[in-house]
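The next block holds one structure in the form of structure tokens; read it before the comments.
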Amino acid sequence: MSAPPPPMSLLAELTHRCPLQCPYCSNPLQLEPRPQELDTEDWKRVLSEAAEMGVLQVHFSGGEPMARPDLPELVAHAAKAGLYSNLITSGMLLNAKNLQELADAGLDHIQLSFQDAEAESADHIAHMTGAHAKKLEAAQLIKTEGLPLTLNFVIHRQNCERVPAMLALAEQLGARRVEIAHTQYYGWGLLNRNALLPSRAQVEETEKVVAEARVRLSGRMSIDFVTPDYYADRPKPCMGGWGQRFLNVSPAGKVLPCHAAESIPGVQMPSVAEESLANIWENAPLFRLFRGTDWMPEPCQSCAFKEDDWGGCRCQALALAGDATATDPVCHRAPGHDLITQAITERPETPPPFHYRRYGNAKV
Amino acid sequence: MISENSILRFARGTRLQHDRVRDVWFIQAPERAFHADPIAVEVLQLIDGTRNVGGILDLLCQKFAAPRDIIAQDVLTLLRDLATKQVLQAI
Ligand code: SF4
Ligand code: SF4
């Protein structure tokens, strides 16, 4: 196999600690505890190495990345290395002082997550009273400071009827971008699938609302829409292809091709504690496993779309079909497609209570 | 609508950046990096928040010894597109 192209972006998951408990959180079920977290110097080395490899953008994420007191120092280091820096935050720990520190450090952009457009439901989803009000304050502070702001809404059966209100809130708060992202069903999201999975009618309604709003808001606010692949005909090109564009570093320093890749069995998770980022990117067995198309089974191997969607998501294939090398069950041609149809038909009329994301709460 | 009288600047959180590893230029913007072709790079390097679009066109005509009306059309299309993408803003 020839050398892979350099990665475009780095997701730096600084910590899994977070004040909120969203039931669709993209963190793994086994959250890494604070004592395992990389220290400031480790992260600086990772950022420098990433910039040298050709990474253009770093996304500081978590958990709640603002739970790390060294965040401004890391942002300043990223800026010095020429990386574009994005902060993905719940806003719960944001105040005028630390916002100013981040701006002074050279932060380029903030993505602020909301759980709903309306406080009561938002606080229920985040499992914290007052969370929504705190986020509104955070958005005001960011707006006043002037940093470009993206609002992120993860949507599901219990909030998707309020997409119009979410868009209105984003407009009102002066966001430059808004992300309306249907829940992805891995980890915590999969655990909560019955409480989250929308109906086909709900999905179609969100698509319609977003399409109309895009026309209306053109040039003022752009909308990123993530579709729920359960209702699609073909899977998503997960991460733009395994090990093609994207690197994820976990709080403890594991380097992954996507944030769910830790679930892949039988292969060692490479770590920045042991090897350079460049060496991992090029040579680690985990990164080579599903790079390109050689590994593909049928029906993907002889399919015309194999370089469009790369056979879909490996972690979804593993989580649903029990085999990371299988065709993503979302695909209509996949042998495991029944699993998706079944999940949709067996969706209960009334959503069950949430199984909240927190340390030690992974067991069903 | 952007015209020859408009004065443009990069919106906060966007910038033109040379990528040493790939030896190409990118427009860095919130959560995305657009590849900038060599012509776009020539134009964007002249955006400084003080010179108007007409002034940029004059400089490009000189540099490339090309007829102004042809350049003007292409450059305005490019700039309007980047304004729609919220990369550039008029002052
Ligand atoms: S999804 Fe919710 S629980 Fe997970 S890190 Fe973000 S704010 Fe915290
Ligand atoms: S068969 Fe494989 S390559 Fe073809 S559309 Fe389905 S997942 Fe994609």
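Cβ coordinates are placed from backbone N, Cα and C, and glycine is handled just like the others.
What TrEMBL says about a protein is an automatic prediction, not a curated fact.
Pulled from TrEMBL, these are the features on record:
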- A:Cys18, A:Cys22, A:Cys25: [4Fe-4S] cluster binding site (BINDING)
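Those residues of the chain, other than A:Cys18, A:Cys22, A:Cys25, with a C-beta within 8 angstroms of the mean position of the [4Fe-4S] cluster site C-beta atoms are A:Leu20, A:Gln21, A:Tyr24, A:Asn27, A:Gly63, A:Ser90, A:Ala126, A:Trp188, A:Arg357. In this view, A:Cys25 ([4Fe-4S] cluster binding site) is surrounded by 22 other Cβ atoms within 10 Å of its Cβ, with every protein chain counted.
Residue density at A:Cys18 ([4Fe-4S] cluster binding site): 24 other Cβ atoms are found within 10 A of its Cβ, drawing on all protein chains shown. Its Cβ placed at the centre, A:Cys22 ([4Fe-4S] cluster binding site) has 23 other Cβ atoms within 10 Å.
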